[in-house]
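These notes are about the structure you will find just below.
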C-alpha cells in the first residue's frame, strides 16, 4: 500500500478500467477507439487501456486526445469524424470530464454518427441525474455507462422526502440542489424574482431523479461512516491496539445487506453498475441479453472487428504492417484443424471433422462383403465356381466320350479343379485382413494358378509330341502316357511351391494399416512383405503362360478333330493380356481398390481359361452330341 492508513469505500479507478476491458471482452469486441482528455490523466488511462486490451487480444483502432474546451481545426476534426464513421469501429471508450468532452459533443452535434456503442467512465456519472445531461448526453444516446454501485440504504429515501432547507440552514449544497429542481433561490437577493416560497416539497418533484443526486455517493459515505464506527467500537472493546489494525480487519454486513471488508490494498470489495442511457431515462442493462443502441433496442450484439472471425478450417494470417486484430483468413491444409490463430496437425491416426475444429479417428476401410463392390466380386466369384463345378461334373459324366478323352481327360479334371480353387481363392481377398488371410492370399493364388497353367502346358506339349509319334509302338508314343503329363504338372507346380515357401520364410505378407494412400481414412491391407517375392510368383506364372502360348501357337494348325491348340492359344492370349494389364493397374491403384484390381485379374484370367477351353466342348457335348465321334 502506498498509503497504509488510507482506506477507500469507493472503487479503485483501476477496477473501473478492468471493468471496461471485461465488458469489451464479454461482447467479443476486438476493434475499439479511445477518446480521452488531453491531460496526464487521460494519457495514463489510454495507455493502461491499450495495454490491458492487448492482453485480451483486442486492439485500439485509434486514440484521440480531446483538448480542454477547444474548437479543433478543420483537418483534425475531419480526421476524428472519419475515424468515428469507420464501419469496422462500432465501440468507443470515452474518458474525461464534461469540460474536456465539450469539443467531442460539439462534433457529434455537427456530424451525427448513429449506430455506435459509447462506453463512458464514471467521470460522467449519469446516475447523478442533473438536467444538463439531457443536453450534453444527447449525442451519446444509447451509451453504456459505468456508475458507482448503488444500493438501498434503509430510511434514506424517507430522509430525502422530508428534506427541507429550513432544517439545515448551514448546508451549502441544498441551495444549489433546490435551484436545480425548483428553479428558485433560497438565499435572499435584492430584486430576486426567483425566490423560493418555502412551500417547495421534495415529494412534489421527480423523486427518483432527486434521489439519484445523492444515492451513489451517499452510499459510499454511508459505508465509510459505518466502517469507522465498527472500527472504533472494536477498538473500544479491545484497548491497546491501533486504530489502523481495526480498520484493516473490519468485516461486517451493513444495513443494505452487503458485506464490507478491505483487501490488502485498503480497497473495499465492490464494483460498478452498468447502465444504458436513453434520452433522459435510465435502464439497467441485462448484460447477457442485449445491448442498447440509439433510439431502439436490438437483441443482436453489434460487431466491432477489424477482421471477421475466421470460419472453421481457416487460420489467421497477419497483414503486413497492420495490428494483430487485422488479419486475413487462409484455409488450413488437409489433416489439420484451426483454432483461429494457427493450424494444428492431427495425429497420424486421426483426421479433421467436417467443421475442421477437432480431430476425430479416421475410418478404417477395406474391401468388405457389405459394400457393393465386394458383394459383386464375391457373387461373380461364387457364380464362376459353380459354373466350373458344373463343367467338371459334366466332363466326369461324359468321360468316355471321344471329345473328353481326346486331350487327356485327367489333365482336364486337374485344370477344372485348379480353376475352382482360383475362383474360391479370390474370396480370401475380401474382408478385414488378418495374418492368416494375408499369407493364404498370395500362396493359394500362386499355387492354384501354377497348377492351372502347368496343366495347359502339359496339354500343349502332349499335342505337339503326339503328332511326332504317329507310328504304332514307337518309344515316343509310350513316353506320352499319363505319367509324363502328370510329371509336367507336378514339376512346374513344385517350383511355384518352392518360390512361395522361400517367400514366406524370408519376408511373408502381413496385415498393416495404411494411413497415407487415402485422405482421411485408414486402409487395412496386406503388405506383401517382399515385393520381389510377389513379382517372382507373377513372373513365374507369366513364364509358364508364355511357353504354353508359344507351343500352342505352333501347334494350332495340326490336323485333329479335337485339337485344343487353337483354344489354348486364345486362352493364353487372354490370360497374358489380363496380367500384363494388371501390373500398371495394380501399381496405380490405392487402398481397397488394389485388392479389387487383383480379384478382377484373378477372375478375368481364370474365366478366360474356363470359357476358351471348356465352353466349346460343353457346347458340343450338350448341343451336338452326335459330332463327338472319333471319325470327326
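Counting begins at 1 with the first residue displayed.
Backbone N, Cα and C define each Cβ position, glycine as well.
Curation does not apply to TrEMBL; its annotations are automatic.
Record features (TrEMBL):
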TRANSMEM  373-396  transmembrane segment
DOMAIN    373-632  domain 'G-protein coupled receptors family 3 profile'
TRANSMEM  411-432  transmembrane segment
TRANSMEM  444-467  transmembrane segment
TRANSMEM  488-506  transmembrane segment
TRANSMEM  532-555  transmembrane segment
TRANSMEM  567-587  transmembrane segment
TRANSMEM  593-615  transmembrane segment
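For the transmembrane segment (373-396), the partner stretch with the most Cβ pairs below 8 Å, chosen from 411-432, 444-467, 532-555, 567-587, 593-615, is 411-432.
If you look at the transmembrane segment (411-432) against the transmembrane segment (532-555), you find fewer than three C-beta pairs under 8 angstroms, all six or more positions apart, and that falls short of contact. Residues of the same chain lying 6 or more positions beyond the ends of the transmembrane segment (532-555) and with a Cβ under 8 Å from any Cβ of it are 442, 446, 449-450, 453-454, 456-457, 460-461, 463-464, 467, 492, 495-496, 499-500, 502-503, 506-507, 563-566, 568-569, 572-573, 575-576, 579, 583. Through the fold, the transmembrane segment (567-587) approaches residues 453, 456, 459-460, 538, 541-542, 545-546, 548-549, 552-553, 556, 594, 597-598, 601, 604-605, 608-609, 611-613, 616 of its own chain, all at least 6 residues removed from its boundaries and within a Cβ separation under 8 Å. Residues of the same chain lying 6 or more positions beyond the ends of the transmembrane segment (593-615) and with a Cβ under 8 Å from any Cβ of it are 366-367, 373, 377, 380-381, 384, 387-388, 391, 395, 412, 415-416, 419, 422-423, 425-426, 429-430, 445, 449, 452, 456, 525, 564, 567-568, 570-571, 574-575, 578-579, 581-582, 585-586.
Note on the domain 'G-protein coupled receptors family 3 profile' (373-632): mean pLDDT across this stretch is 84.
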